[in-house]
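As given in Swiss-Prot:
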type	residues	note
ACT_SITE	His348	active site, proton acceptor
BINDING	10-13, Lys24, Gln77, 82-83, 105-107, Gly143, Glu157, Asn172, Asn229, Arg318, Lys336, Tyr351, Asn362	UDP-N-acetyl-alpha-D-glucosamine binding site
BINDING	Asp107, Asn229	Mg(2+) binding site
BINDING	Ala365, Asn371, Tyr372, Ser390, Ser408, Arg425	acetyl-CoA binding site
REGION	1-231	region 'Pyrophosphorylase'
REGION	232-252	region 'Linker'
REGION	253-452	region 'N-acetyltransferase'
Amino acid sequence: MSRTCLAVILAAGDSTRMKSAMSKVLHPVAGLPMIAHVMQAIAASDIADVALVVGRDADKVTKAASIKGLSVTPFVQTERLGTGHAVLTAREALARGYDDILVAYGDAPLITPGPLLAARAALADGNDIAVIGFHTEKPTGYGRLLVEDGELVAIREEKDASDEERKVTWCNSGLMAINGAKALDLLGRIGNANAKGEYYLTDLVEIIRSLGGKAVAVDAPEAELAGCNNRAELAVIEKLWQERRRHELMLSGVSMIAPETVFLAYDTVLAQDVLIEPNVVFGPGVTVESGAVIHAFSHLEGAHVASGATVGPFARLRPGANLGEGSKVGNFCEVKKAEIGAGAKINHLTYIGDAFIGAETNIGAGTITCNYDGVNKHETRIGANAFIGSNSALVAPVTIGDGAFIASGSVITDDVPADALALGRARQEIKPERAKIIRERNMAIKAFSGKV
């Protein structure tokens, strides 16, 4: 789109209903602050400049909103005198001469570029105001969009609506696009002759019509326009976001056995032919390549899973876990900041942290990389085709060469050369009849003490 546009994002609310120590727009949806979701939609709508109207937590909100591709200028709203007043807080930016002014809200993280582009297209068609609306079966509480002959003639708040107007199911979302050349003049004409003494952006529709201009409404899915005022609504928005993203991934070739139990982050990348079993949680920063399987009850964050690898069930991949092709991290295993080579197997009950494990190496059950000395972390390096016996403790920093064999139960504190066998435990002793003596002694103690 060749037209210039300024997005004015309203994010100055006190968030009192959220009952939180931080602004509601900083609360995460799928691991990303609400305001950042809105900004992603703005950036994808051919908009580069943003006037961010902020109040509490101004610096934090501005930082969260400053995503790549956007130039964000904050404007602090010191008084709360309505939406019209909030937009005028960015007067300096509005005066720069943009073709379009798009007003949106920082607490509506489900918005997509579609409705925003549609509103801008309506301005390009010669309209002065384009209001984004939605149809709903439950319009109670919303302002109604009153349309005659295809033009929007008014936005009627429910308390002011007639019985006939209350039957209208096309409702105001609060988002709108305004002719940039007329924006400051129109905003300056909004009055506050109402019960609250506030300046309402919705008055612009009747103002522009009184001046001979045109207003229209464009439609959008109700779910995309959901705002968030409290924790219950935040949970609903999270649910809607997850449902939408799961659906997109399944249509792209990802299999989910029980999709309603899979929880994704804003940046989760799952390739075609990935299989996700029930009750899997993805934190931020996870990429899973084609043909990989994530078994049930696994948790992944900041991890990469290569083609054909398997994870879980009941596995945890922490930031820096990088699984090679065909590798396996099995049940009750935790991997953190570790490179796992192609075909390597970590099947059971193991902690691997700050480590490099070569291709085709086998890590036995109960193996622990002892990476922390109480102050610093240290690295464990294991070569290709090595075998680490069960219940081994590898005390870092330590290097185990290609093809080396670590006997079960060993505590390894020194480097092990390639193809060497290392045993780090006491030799087994057999003492005939000793068990019988111990048993008889214990029974005598028990009888003497009177304990059963």
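Even glycines carry a Cβ here, placed using N, Cα and C.
Fair warning: this is a prediction, and the values are worked out from it, not measured in the lab.
Listed in sequence order, the recorded positions near Ala365 (acetyl-CoA binding site) (C-alpha within 10 Å of its C-alpha) are His348, out of Leu10, Gly13, Gly106, Glu157, His348. Within 10 Å of Leu10 (UDP-N-acetyl-alpha-D-glucosamine binding site), as judged by C-alpha distances, no binding-site residues are found among Asn229, Asn371, Ser390, Ser408, Arg425. Counting residue by residue with DSSP, the region 'Linker' (232-252) contains 20 helix, 0 strand, 1 coil. Ranked by Cβ neighbours within 10 A across all protein chains shown, the binding-site residues Gly13, Gly82, Gly106 are led by Gly106. Mean per-residue pLDDT, taken over the region 'Pyrophosphorylase' (1-231), amounts to 94. Annotation for Arg425 (acetyl-CoA binding site): spatial neighbours Ala407, Gly409, Ser410, Val411, criterion Cβ-Cβ under 8 Å with sequence separation of six or more. Those residues noted as binding acetyl-CoA (Ala365, Asn371, Tyr372, Ser390, Ser408, Arg425) have their most widely separated CA atoms at a distance of 22 Å. In the three-state DSSP reading, Arg318 (UDP-N-acetyl-alpha-D-glucosamine binding site) counts as coil.
Ranking the binding-site residues Asn371, Ser408 by how many other Cβ atoms lie within 10 angstroms of each Cβ puts Ser408 at the bottom.
Considering only the binding-site residues Gly13, Gly82, Glu157, Tyr372, the residue whose Cα is spatially closest to the Cα of Asn229 (Mg(2+) binding site) is Gly13. The C-beta environment of Arg318 (UDP-N-acetyl-alpha-D-glucosamine binding site), restricted to residues of the same chain at least 6 apart in sequence and closer than 8 Å, consists of Glu301, Gly302, Ala303, Glu334, Val335, Lys336, Lys337, Gly353. The Cβ of Tyr372 (acetyl-CoA binding site) lies under 8 Å from the Cβ of Gly353, His378, each of which sits 6+ residues away along the same chain. Around Asp107 (Mg(2+) binding site), the C-beta neighbours below 8 angstroms that are at least 6 residues distant in the chain are Ala11, Gly13, Lys24, Val25, Met34, Ile35, Gly227, Cys228, Asn229. Among the listed binding-site residues, namely Asn229, Asn362, the Cβ with the most fellow Cβ atoms inside 10 Å is that of Asn362. Between the C-alpha atoms of Gly82 (UDP-N-acetyl-alpha-D-glucosamine binding site) and Asn371 (acetyl-CoA binding site), the distance comes to 56 Å.
Using a 10 Å Cβ-Cβ cutoff, Ser390 (acetyl-CoA binding site) registers 17 neighbours.
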